[in-house]
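> Let me give you the structure first, and then I'll get to my questions.
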Ligand SMILES: O=C(O)C(=O)Cc1ccc(O)cc1
Ligand SMILES: [Fe+2]
């Protein structure tokens, strides 16, 4: 029996300095800082846009602790009393990973009963980094526990907020104006649509099995003709990518059973990306190298109006990946965009990609039959941290629930071009440095 999830609560970033990313989340991505927890040695900030919540954890300043003296806290340490309260509380509702680069490392889920989930998952072999722990303030009590996932440095905090009436979580102080979120109509981001992992080769099956067995996730097919074992494979024209997707449903029923089909409401999807060796170095390998291991490569933010959101973010300084200009003038694509009621010129200004969901539209292409055309629009930002690792995506779905093959190809090519340019620049800078030294 799995430990079913009620809903995604927030996603945590772990960074060496919170200032830059916090400023950018607010000024560029239009998130609102709404809660904070400030300690002597650590700072945590919570940002909200619709139901999407990011918590930025600043790595605590461990003073003179030498690197080789630090290690990940674990349950045995905790039970043996070796973990001091400070190292636990430095980063409330999370662990304090001593990760060498900035990273997005925790997807926090609400569950009905943390103690029960803890026992279920422990029996299934899970490693817990924080055992069920209760935190209180004037708003009530919250119980949480942190489980290590099978993917790189990713952890999941499981949290029960049913006895809590405060604005966020005990220990956090509310800041700013909570109503501001509703005023910003130009950026209608509503929730996290999906989280994409970058994983080493041949690791996808283990990841799928883990999430299925422990949390009741179910596979769904990204494209027609997807092989159940191989996943959705793009393996030509320089693209070497294996994608597999899974989802879970918001589970609000009492008890442990999965909601019946008609009660199922999907929450955030999870995508696993693996690179294929035949097509040369690529963005997944680049992530694994720069991030120093598997992890969260990007997060899709759902918006009701991608054009307005991209315009507004772009004006505020967000850089998006743009496909080659030919993408928007190619006859087939131009027609597809126009038929979907969009303007190729406007989409091209921000690099917005459009893809028709072929799987869903079989037999429903003709609008005169009364069927709506199903498509999705996506645009991808440049990496957020100083390493080329994590980025954000905006996604607007018009009936399409999967991912578009054409969009994935276009994204792949634009990232590839960017990587090659960066590499050239780095080489040039190195040469300049060398000749200056010489
Ligand atoms: O299309 C999407 O939004 C995906 O999430 C699929 C994907 C995953 C990894 C890549 O490097 C490129 C595309
Ligand atoms: Fe994505």
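Glycine is treated like the rest: Cβ placed from N, Cα and C.
Quantities reported herein were computed from a predicted structural model and do not represent experimental measurements.
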> According to TrEMBL, 298, 393 bind Fe cation; identify which of 191, 194, 205, 342 is listed for that same site.
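TrEMBL names 194 for this Fe cation site.
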> To which of the binding-site residues 194, 298 does the lowest count of other Cβ atoms within 10 Å belong?
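So among 194, 298, the binding-site residues given, the one with the fewest Cβ atoms within 10 Å is 194.
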> Quick one: which residues besides 194, 298, 393 have a Cβ within 8 Å of the Fe cation site's Cβ centroid, in sequence order?
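Apart from the listed residues, the neighbours are 193, 195, 196, 271, 297, 299, 300, 301, 380, 391, 392, 395.
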> How many other Cβ atoms are found within 10 Å of the Cβ atom of residue 393 (Fe cation binding site), counting all protein chains shown?
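I get 20 for this one.
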